[in-house]
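Okay, structure first, notes after.
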Number of protein chains: 4
Amino acid sequence: MVGSVNKVILVGNLGKDPEVRNAQNGSKIVTFTLATSESWNDKASGERKEKTEWHRIVIFNDRIADVAERFLTKGRKVYIEGSLQTRKWTDQSGQDKYTTEIVIDRFRGELTLLDSGNRDGDQNSPRGQQDTGAARSATSGGWEPAAGDLDDEIPF
Amino acid sequence: MVGSVNKVILVGNLGKDPEVRNAQNGSKIVTFTLATSESWNDKASGERKEKTEWHRIVIFNDRIADVAERFLTKGRKVYIEGSLQTRKWTDQSGQDKYTTEIVIDRFRGELTLLDSGNRDGDQNSPRGQQDTGAARSATSGGWEPAAGDLDDEIPF
Amino acid sequence: MVGSVNKVILVGNLGKDPEVRNAQNGSKIVTFTLATSESWNDKASGERKEKTEWHRIVIFNDRIADVAERFLTKGRKVYIEGSLQTRKWTDQSGQDKYTTEIVIDRFRGELTLLDSGNRDGDQNSPRGQQDTGAARSATSGGWEPAAGDLDDEIPF
Amino acid sequence: MVGSVNKVILVGNLGKDPEVRNAQNGSKIVTFTLATSESWNDKASGERKEKTEWHRIVIFNDRIADVAERFLTKGRKVYIEGSLQTRKWTDQSGQDKYTTEIVIDRFRGELTLLDSGNRDGDQNSPRGQQDTGAARSATSGGWEPAAGDLDDEIPF
DNA sequence: TTTT
DNA sequence: TTTT
């Protein structure tokens, strides 16, 4: 094939805190679900309709997995760029199942935080850190904390 | 939610000719699968690896469905822009299944032809037409044949 | 040409409130500048560097111009999708000048609000309205206020 | 700023063969112009209209610059992903000028070939090579020749 | 300056 | 099931 493109761009909110697990080679894999929603006026009923779509995000890229683990929490708004991948698996009853995921891997993908993550009464940040709200962005090519070294800046 | 984005951008080749069916309201629905592939050198084995991903495209937009039906054939390369949607259905054994599709609907999505569709020995175009190779592009907002009216230009 | 693609995707913050002017045909044109910025650690100096890029956005699409006029104010974060266009003009000294803009027109483009627009002490919203913070999004194909009719929802 | 996005996606044709120059640090910089065009039926006159937009592409990324230098020639169709950047410069008469470019740098950007580059009678490929037509794609994170090592595959 |  |  003389070149193809497989790109997904999402802006949405995390449904839950991310899950972090370790691959056999020692690197981290971070997964979470992201909600996007649209709303419209239904012509027939005249009612306001809303539909939410849930996307499963999987991060294999070490640097972006690191940012995701440190900063992403339930409800945060993020920009995600990745590739579509449909994976086959077998459930406990032996049935074939297929799951489509948005993958950020070594070469392709981005994650950019779009809100500060500070909410009144938000006590359940992982490890109790306070997000400094500084600009944070990560690409598969490199990553860019907004100010200072990440390790200097974040108190954990 | 203060706005979200759900966008897929693909450049790939059709696996087969599209399927066309009619919705209950009389409008057309066009579906096809699109292949994107990537290749890389496997560090461990030193071998060349290739992986193809198949995407299911569903077009509800009338104008784009029309373009797709007329011009898309097996093997053609297209640019597709749509939204991710995961649909639940039940198979004949009563099992729940989920299918993720790239949807072009009334408001969002584009389809742009990226090759002329003329190949040596390509005798199996639908309805035997010869693609004129003119520029063709369609968006959910409007569509743009390259020259003349579509109905004037295409002999069927 | 067998199809081409000209697409810009930006997430950034407005530098000022938008400017609204009327075209000869009576429709509105809304313009504003959007800042995107990136930061990185300079290897040579060891310093933290930041660079801001300013983009000129021009909205010809009536519905999106309407949303922009009503809701966009200095500092708000938005997702913008449009096309690149370079325009030639002549300055007062007769010099040729070129300006590249991101255009949202009748057929292509989107605008999605990414923050609520409510800030402490933000007294300078146009016409003194309080943004309800509801989801608002507009595409060249149609637009989607988050709840209720726009005219019902917004008190001006 | 809590993260921003600055992304351009183009599919178009090269106006000329690329220009290659060397930066002070010894790395290559490849530049070319890319045409995208759109066409539509003018309601008023009833005529077919077409408008071409020219984009200036600048590649600082070494691997992608390498691919561009080897494979890109006048007329070839490519997918380009990069960032917008407006650069100020002074012309010979001392006038300030601004040029907006689509930049592929170390961290961000992609280039994917969308046609084989082989045309009947196309004798003017640089250095007289014959493009093998193999899949070629490059990202700022890594690059993927379709088969074999690039240096093995290309006879120059 | 490209492409159809 | 595509493409190279």
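Glycine residues also receive a Cβ, built from the backbone N, Cα and C atoms like all the rest.
TrEMBL assigns the feature DNA-binding region to one of the listed ranges (C:54-60, C:68-74), namely C:54-60. Among the ranges C:25-30, C:97-102, C:109-114, C:151-156, the stretch that TrEMBL annotates as motif 'Important for interaction with partner proteins' is C:151-156. When averaged over the DNA-binding region (C:54-60), pLDDT in the model lands at 98. Here the DNA-binding region (C:54-60) is broken down by DSSP into helix, strand and coil counts: 0 helix, 6 strand, 1 coil.
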